[in-house]
Amino acid sequence: MPIVMARDLEETASSSEDEEVISQEDHPCIMWTGGCRRIPVLVFHADAILTKDNNIRVIGERYHLSYKIVRTDSRLVRSILTAHGFHEVHPSSTDYNLMWTGSHLKPFLLRTLSEAQKVNHFPRSYELTRKDRLYKNIIRMQHTHGFKAFHILPQTFLLPAEYAEFCNSYSKDRGPWIVKPVASSRGRGVYLINNPNQISLEENILVSRYINNPLLIDDFKFDVRLYVLVTSYDPLVIYLYEEGLARFATVRYDQGAKNIRNQFMHLTNYSVNKKSGDYVSCDDPEVEDYGNKWSMSAMLRYLKQEGRDTTALMAHVEDLIIKTIISAELAIATACKTFVPHRSSCFELYGFDVLIDSTLKPWLLEVNLSPSLACDAPLDLKIKASMISDMFTVVGFVCQDPAQRASTRPIYPTFESSRRNPFQKPQRCRPLSASDAEMKNLVGSAREKGPGKLGGSVLGLSMEEIKVLRRVKEENDRRGGFIRIFPTSETWEIYGSYLEHKTSMNYMLATRLFQDRMTADGAPELKIESLNSKAKLHAALYERKLLSLEVRKRRRRSSRLRAMRPKYPVITQPAEMNVKTETESEEEEEVALDNEDEEQEASQEESAGFLRENQAKYTPSLTALVENTPKENSMKVREWNNKGGHCCKLETQELEPKFNLMQILQDNGNLSKMQARIAFSAYLQHVQIRLMKDSGGQTFSASWAAKEDEQMELVVRFLKRASNNLQHSLRMVLPSRRLALLERRRILAHQLGDFIIVYNKETEQMAEKKSKKKVEEEEEDGVNMENFQEFIRQASEAELEEVLTFYTQKNKSASVFLGTHSKISKNNNNYSDSGAKGDHPETIMEEVKIKPPKQQQTTEIHSDKLSRFTTSAEKEAKLVYSNSSSGPTATLQKIPNTHLSSVTTSDLSPGPCHHSSLSQIPSAIPSMPHQPTILLNTVSASASPCLHPGAQNIPSPTGLPRCRSGSHTIGPFSSFQSAAHIYSQKLSRPSSAKAGSCYLNKHHSGIAKTQKEGEDASLYSKRYNQSMVTAELQRLAEKQAARQYSPSSHINLLTQQVTNLNLATGIINRSSASAPPTLRPIISPSGPTWSTQSDPQAPENHSSSPGSRSLQTGGFAWEGEVENNVYSQATGVVPQHKYHPTAGSYQLQFALQQLEQQKLQSRQLLDQSRARHQAIFGSQTLPNSNLWTMNNGAGCRISSATASGQKPTTLPQKVVPPPSSCASLVPKPPPNHEQVLRRATSQKASKGSSAEGQLNGLQSSLNPAAFVPITSSTDPAHTKI
């Protein structure tokens, strides 16, 4: 694949490939380079990691651009490359465009690089990045060129070799010194000393004089991290990024010796100070001067406000960087010439750490080989993402498939006859030789630039020098936020004598890049003035604020939609990278590659006197322009005419849309229903795009995964509820939890796209119906449709969210978005809606009602915007929880069913627990005229911990709502769906019931109660369709017929005496394996009863006021009884006793008959036992934690466990029958009354496990608690059964 390619200028575009080339010429990610602008180079956009624009990815994907990362893990680099269509290959692969490594490269790897391949390190870069080598190189330059010329390091000694010199210096000045390992980073192994005896000489270390007069801001010490890019060492080309980081210590600076060991005071490394408890981080990318990490521009602006000379400061910083790199230039340039086959194969980003003292003199601390690209704060992401994107653009990745390379020879014109770039047009002539191609390139360039421009500038240059000259010019055209500090128009005169690598390339660049610069002979003051103006320009660039990625994204989209960006014959800059100054406009006017953007002044083509006279006119305006203009703005310099008065004409693109919809809505305007639906559809499309994007630069941590999981859960909830209101059936296939996170996001995005399609169709149908009626209400006029459509095309997700939130707040309802009902009843295994069409539409309107926040920022990254439209239920649920602790009189709100976090049947896993309350079946259901109110809730086999009333459910990696698995079909009920449905819902209250009441009607005496902490309180307003209830009852009837019930389920506590009869057939074994018989009341044909005895007080207890009953001792309804009641009410057949005795259990029948005959005696027994043990058990009730509450991890469904043959968890010993009672299976008559009295009298007072005591405690606890509605629990461990 040739890098320099000639083309026939007379060739016409006649083939389809020609048309493709033309269509790609204006692509925002392509910049054309080479002699005839035939070589496409990729342009990177920092905001691509947020947008995941397919238009940006298409170039990289088309040419199979690839990268590999070796011995490091840079998520930011990976995310930027992936967003631009690159794909990652194995570290051992040889087909790549970029190798990003964290260590030095071996010579044999460098030798095999092709011209299109690039690596991020130069050979022998350790000459700069190792502290000992850096020290030696600078000391050598001090000896050669003078100490003052290279006095950029504090006084330093290399130990143990120079220990004697160090002791001699210490004896003269007993100040503090700082010790550093020669090859470490991030502050590891760094400490301060004030005596040579404190130093360990076991390894090589560097000892430097501690700068005890650092520049302080608010009494805190700080240093500056600068990002320096070197693209070539022969010739030397250095760029400094216009933004950096100021890193502050976390403890106020104090020179006292007592604080010499306090690293948080003396060290400014982020890796050290982030461990301090005083470290402050800023979460707003727009705030750059807060916390322990500032932007460099914010620091410079602060110093300028304090009256400091920031222009001179940054000029000294540039001087320090240039001299540092020059000190290692010879060694690195020699290694490049030896090992690197192509000049453009290597580039390197250095991290310079500079400390500024109180006199504004910068001191070099160290140079980092691979500066940290971690983004621990939004400010890091804004600066580092912009810097990396601009660096990749400057380096220049040629759009070429790495697998198609045919040769690795260093002379790249010889690629001409081997491979062609797919972008390039087919040549009708024969392949050109290297010399022919180069000459034709030069001719073509001369034609494009005009006679006398570039044509004359290359006279006398070799082919290699021409290629180097063109590459350096093209790099500067793509520099973005980088500022080229070497070479400039003055650097050769200042630093030329310091260069040790004696080649002609540096001099060639100095003379050819700035060949038109004014000679300063006889006018040295003009030379100084030119230097000052250049320094002011650079200082203004360093001080201006960097735009956030979100603003860049909006600006680029706005400029692309308007298509107003002018085209230049040389530069095709992206929107973010067009930072135009007066000197840059001169370059665009002349369209010559040999003009320097930042260093060239307009007066260079005029006389010295003319510069002196007119420089005062444009220099202040230039500085003011850059200071008041943010980086990467959209201003365009249209004209720069020196002869016409040196005025700068600016054309500013309008960033704000002309049509301000929010202003119209606030001025009593309104949207029509169709416009509201269109805006909502556009919002959902933004959400879909956000789901389809990759993780970007986010850290794959537990918190990030939890947040992503929560966002997907919001989408799932929305789809389930919204699809239920569609007129058309829509199948929702939800992703499995076993899939990868990104794969689940992709599936959800696909499902959301399907929903949007159906939603848009229904919107069109609604529009057609309205157009046929020809009757429009006054409020349906809405805003101007053309302006509205333009707003929809340009609006961002944040703007749409703001409009929809305001519209919902203004109209008091969001039902227009999703409707209020559907034609048919649509249910799923997680939620239900009203079965009848039109039933309580206000219910759904309340569910989708949006509660906007009090304050809303449109510039934030909206990662959870969908929750504004789907989680209003959560907001109402929190209000319910906060009020639930107020007692039975707490008013319950209506909560949408989408807040249901999990739905469990007997074989499903539990979800987060919420407090629930009882509700009643409407009396209007024909098939159930007298059915008592029940709850068809189930409890999972392993109950999860419950939330305390009023507690807030905070998402966490292990405890947040999960994305449901399986398929969700809108259509008729299946048996499984209906079962899950009826077991996960509460029956709604009748319309005559008092709003917010949680009590049961006292006339409904046959009520069974239950608690379930996995259910939400969000289903109060829901009703069952009659057909749905009938289907479920039929299923329960079939289940009842085939189920074998445990006999122990319906034997009262009095049957404990039967255990002394030694019953046969294993009845007692099953009884002990199940729950205590006391907890399982018998359900008689006439209704549920609590005892087989005739208790005259029972009806009174059943109908007593609920307010007088304890919540801790409330009654419970077991699943078996609930199903039996449902069965009896549905079929009209009175079910038999749940225990059907077999042929071998006749002894039990006899025992029960005997018990019936002993009712009066038992009653007397109870009275006497109560009187005898009143002193022991009188003050005791049955605690929740001992009798009624099982362990959270234990199984709670006793009836199900018994029916399935599994052993449920046994209760405490004091309610379990004595082991001796089951020693024999021979039935015996019950003991007479006198024997029982004697036995009870002989029992010790400390024993509370006797049958009489148990019966007394149980009876006293059950009687006052019969049929108490359980609204909430005050015991965190209270497990609802």
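Note that the numbers count up from 1, one per residue, in the order the chain is shown.
Heads up, the Cβ atoms here are built off N, Cα and C, so glycines get one too.
Per Swiss-Prot, the features are as follows:
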DOMAIN    62-407  domain 'TTL'
BINDING   ASP353, GLU366  Mg(2+) 1 binding site
BINDING   GLU366, ASN368  Mg(2+) 2 binding site
COMPBIAS  584-604  compositional bias 'Acidic residues'
Exercise for the section: Determine, from DSSP, whether GLU366 (Mg(2+) 1 binding site) sits in helix, strand or coil. Expected result: strand
Exercise for the section: Enumerate same-chain residues with a sequence separation of six or more from ASN368 (Mg(2+) 2 binding site) and a Cβ-Cβ distance below 8 A; give 'none' if the list is empty. Expected result: THR129, SER185, TYR350, GLY351, PHE352, ASP353
Practice task
Could you list the residues of the same chain, at least six apart in sequence, whose Cβ is under 8 A from the Cβ of GLU366 (Mg(2+) 1 binding site)?
Solution key: THR129, LYS131, LEU134, LYS180, SER185, ASP353
Fill in the blank from the handout: Around the Cβ of ASP353 (Mg(2+) 1 binding site), other Cβ atoms found within 10 Å total 19
Fill in the blank from the handout: According to DSSP, ASP353 (Mg(2+) 1 binding site) sits in strand
